[in-house]
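> Checked TrEMBL, it gives:
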type: ACT_SITE; residues: Thr198; note: active site, nucleophile
type: BINDING; residues: Arg226, Ile227, Gly228, Asp229, Thr248, Gly249, Lys250, Gly251; note: substrate binding site
Amino acid sequence: MSPQQVQFQREMGWAIALHGGAGDIPLSLPAERRKPREQALRRCLEIGVAALKANRSPLDVVELVVRELENNPNFNAGKGSVLTSKGTVEMEACIMDGITKECGAVSGLSTVVNAISLARLVMEKTPHIYLAFDAAEAFAKEQGVETLDMTHFITPENVERLKQAKEANRVQIDYTQSIQKDVSEETPNANGDSQIGTVGCVAVDSQGNLATATSTGGLVNKMAGRIGDTPIIGAGTYANNLCAVSATGKGEAIIRATVARDVAALMEYKGLSLKEAAAYVIDECVPKGNAGLVAVSSTGEVTMQFNTTGMFRACATEDGYSEVGIWHTSL
Ligand code: ASP
């Protein structure tokens, strides 16, 4: 089925989905950690729905929602970004418009309050797609976006998370050394924190315009300079005229599987529906326990799939359906 044929089948309205990270979220997650995230998901969903109803473009909608999530310290992006093995913050983000395939990405930010908006500026104000580290920071200053000292982004919870990740890494290395004598040096072991995650949003309007945005602090205890899937077009983030996808989970696994692009490719080349394509990629292409995604199609279909214990997520469609969930059943 050609993309044009899929477009002609369009009969549904707008749709939006967002996530606050996928991972090994324990079913016993204490209420004081669960509730603020649930509330944030609901509030961000309302903000996104209101913007779609007000005829804001999907690109504006995904940026708006991701900015809200970045400003919330309960998620691993912006203010709540997890820390590198050096205790620093290196944020990254990506935004993409489905119809035009215009996109922008940033990595290695340590002072920019809303990385997603800088990614949009890279898309709109430069001939390039991706800026990183010092040059991205310099571009932020040049564009006059809000910046704050790196200490603003370092929350006590993330200092503790880094401590725990280093401790877990040390225990793992002690164990490995006891069975494998040639491991002599401690290497940073980035691990997916079980209770905090990357943020993302996808949206389609009733004309079938699509957009996606993803933003993250990366993985706890990552090496300085590590770039994950989030800013990589086709891995953590991708949109075309058929669908918009935002992924979350272990970046290295998501990059290897080109998760977001594969969903679009299965629709484009094999004629799969959005749900079929997303389920195939999550179930068959990424090792279990590694990834989740939210996606919408140009026909207003929405899907939220994950092969982890849970994924903080929410969605709504024009026909009145809405869902907020963490584990495999919705809340
Ligand atoms: N995918 C992100 C990364 O690997 C992390 C996450 O989704 O929580 O950088």
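The backbone N, Cα and C atoms fix where each Cβ goes, and this holds for glycine too.
Give me the lay of the land around each of these features.
Contacts of Thr198 (active site, nucleophile) defined by a Cβ separation under 8 A and a same-chain sequence distance of 6+ are given as His19, Gly20, Gly21, Phe75, Asn76, Ala77, Thr214, Ser215, Thr216, Gly217, Thr230, Gly236, Thr248, in order along the sequence.
Look at Arg226 (substrate binding site): DSSP puts it in coil.
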> Going by DSSP, is Gly251 (substrate binding site) sitting in a helix, a strand, or coil?
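For Gly251 (substrate binding site) - judged by DSSP and reduced to three states - the answer is helix.
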> Grab the substrate binding residues from the record (Arg226, Ile227, Gly228, Asp229, Thr248, Gly249, Lys250, Gly251) and give me their largest CA-CA distance in Å.
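Maximum Cα-Cα distance: 16 Å.
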> For ligand 1, which among the binding-site residues Arg226, Ile227, Thr248 have a CB under 6 Å from it?
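Checking each Cβ against ligand 1, the ones under 6 Å are Thr248.
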